[in-house]
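S.K.: So Swiss-Prot has the following annotated:
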- Gly88, 91-92, Thr96, 98-101, 116-124, Ser128: 5-phospho-alpha-D-ribose 1-diphosphate binding site (BINDING)
- Gly88, Asn119: anthranilate 1 binding site (BINDING)
- Ser100, Glu233: Mg(2+) 1 binding site (BINDING)
- Arg174: anthranilate 2 binding site (BINDING)
- Asp232, Glu233: Mg(2+) 2 binding site (BINDING)
Amino acid sequence: MSATSIQPLLDILFQGKALTREQTASLFSTLIQGEMNEAVMAGMLMALKIRGETIAEISGAADAMRAAAKPFPYPSSMRTEGIIDIVGTGGDGFNTINISTTAAFVAAAAGAKVAKHGNRSVSSKSGSSDLLAQFGIDLTMSPELASRCLESLNLCFLFAPHYHGGVKHAVPVRQALKTRTIFNVLGPLINPARPEFMLLGVYSPELVTPIARVLQALGTQRAMVVHGSGLDEVALHGSTQVAELKDGEIIEYQLTPADFGVPQAQMSELEGGEPAQNAQITQSILQGQGSDAHTHAVAINAGCALYLCGLSDSVKAGTALALNTIKSGKAFELLNQLAKVSSEAQE
């Protein structure tokens with residue numbers, strides 16, 4: 001769309017009114033194609049933020065970004081079990097160990113098909129991609145190789161900038177604004193593998209139910225959207241607020257560590273460090289040599305993923321399966337296999 005054709009949509013926004021899903025998709029398509037002036041983009045993002053983005057607007061922005069993404073070749077014939085993503089928005093302000101990335105290895109080793117969509121760090125010192133780079137896992141692995149890893153190893157990591165080139169047009173504006181915008185919630189919603197199942201952590205309790213409604217609008221089959229006492233994942237240090245999408249309905253409830261069959265820990269026990277230090281922690285956990293707090297934090301998140309995939313009938317049973325998988329050494333073996341495939345592809 002040209003600058004003149006998006007003007008009526010911007011006028012609606014600047015009057016404090018909401019856009020439809022289709023109208024928002026049109027605006028974001030223009031942005032992704034690099035056809036939106038930066039001043040206009042800043043105005044659009046701030047108008048959305050100040051009024052508060054609606055379910056339809058977040059869904060429309062996600063539609064545009066999904067449509068423009070580099071395709072992920074995973075035919076429906078290979079989707080019999082369904083794919084899950086274990087992902088957080090980031091930006092919760094805490095520097096924890098890489099819980100969701102480590103949980104992805106555990107869930108995959110326990111039988112889930114995990115396509116984890118990730119990026120470099122938002123709030124911690126070490127994001128999902130920073131950690132994987134430490135293990136020699138190539139972030140720019142071709143979509144074809146990533147698809148083969150998902151098929152043969154149950155796990156692949158999809159580096160967001162590799163699939164969503166158009167987002168680069170928003171980077172200078174986002175950096176200049178220095179405040180959260182709709183982009184902070186879009187990352188987890190635009191996985192190019194289009195997972196049927198999602199364990200999605202959000203940085204604010206106010207986002208839990210709205211983001212579950214967005215997943216419902218986007219056609220996700222089953223999901224848990226969680227906020228864990230300040231963290232964008234299931235909490236070991238307190239209660240977790242959950243909106244679960246199942247059979248087209250959303251139910252809201254709270255979980256505590258006792259619901260998973262593990263003891264509560266202190267937040268300080270989950271603090272992470274630089275990527276090299278976090279890589280050491282992840283390796284220890286996957287080898288069955290992590291601290292109780294680290295191991296349990298990973299297991300309760302992997303346990304929710306296993307529950308969502310239908311591999312366990314409760315989050316408690318899922319956590320037990322995750323803990324047994326860690327003890328078996330299968331998750332550590334998977335880390336080594338993925339690193340090996342990645343390094344061979346780079347030779």
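Keep in mind that glycine also has a Cβ here, set from the backbone N, Cα and C atoms.
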S.K.: Over all shown protein chains, what is the count of other CB atoms within 10 A of the CB belonging to Glu233 (Mg(2+) 1 binding site)?
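M.R.: The answer is 27 other Cβ atoms.
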S.K.: With Cβ-Cβ distance below 8 Å and at least 6 positions apart along the chain, what are the contacts of Asn119 (anthranilate 1 binding site)? List them in sequence order.
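M.R.: In sequence order, Gly90, Gly127, Ser128, Ser129, Phe159, Ala160, Pro161, Gly187 meet the Cβ cut-off.
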S.K.: Listing them in sequence order, which of the binding-site residues His117, Arg120, Arg174 have their Cα within 10 Å of that of Asp232 (Mg(2+) 2 binding site)?
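M.R.: So far as Cα distances go, none of the binding-site residues lies within 10 Å of Asp232 (Mg(2+) 2 binding site).
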S.K.: Determine the Cβ neighbour count for His117 (5-phospho-alpha-D-ribose 1-diphosphate binding site): the number of other Cβ atoms within 10 Å of its Cβ.
M.R.: 25
S.K.: Fill in the CA-CA distance, Arg120 (5-phospho-alpha-D-ribose 1-diphosphate binding site) to the residue listed as 'anthranilate 2 binding site', as an integer in Å.
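M.R.: That comes out at 15 Å between the alpha carbons.
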S.K.: Enter the number of other CB atoms within 10 angstroms of the CB of Ser100 (5-phospho-alpha-D-ribose 1-diphosphate binding site).
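M.R.: Cβ-Cβ neighbours of Ser100 (5-phospho-alpha-D-ribose 1-diphosphate binding site) within 10 Å number 26.
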S.K.: Across all the protein chains here, work out how many other Cβ atoms are within 10 Å of the Cβ of Thr96 (5-phospho-alpha-D-ribose 1-diphosphate binding site).
M.R.: 25
S.K.: Could you list the residues of the same chain, at least six apart in sequence, whose Cβ is under 8 A from the Cβ of Arg174 (anthranilate 2 binding site)?
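M.R.: Those within reach of Arg174 (anthranilate 2 binding site), by Cβ under 8 Å and sequence separation of 6 or more, are Leu45, Thr181, Phe183.
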S.K.: Far apart in sequence but close in space: which same-chain residues, 6 or more away, have a Cβ under 8 Å from Gly88 (5-phospho-alpha-D-ribose 1-diphosphate binding site)?
M.R.: Ser100, Pro188, Leu200, Gly201, Val202, Tyr203, Asp232, Glu233
S.K.: Three-state secondary structure of Arg174 (anthranilate 2 binding site) from DSSP?
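M.R.: Arg174 (anthranilate 2 binding site) sits in a helix per DSSP.
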S.K.: Which of Arg120, Asp232 has the fewest nearby Cβ atoms, counting only those within 10 Å, among these binding-site residues?
M.R.: Arg120
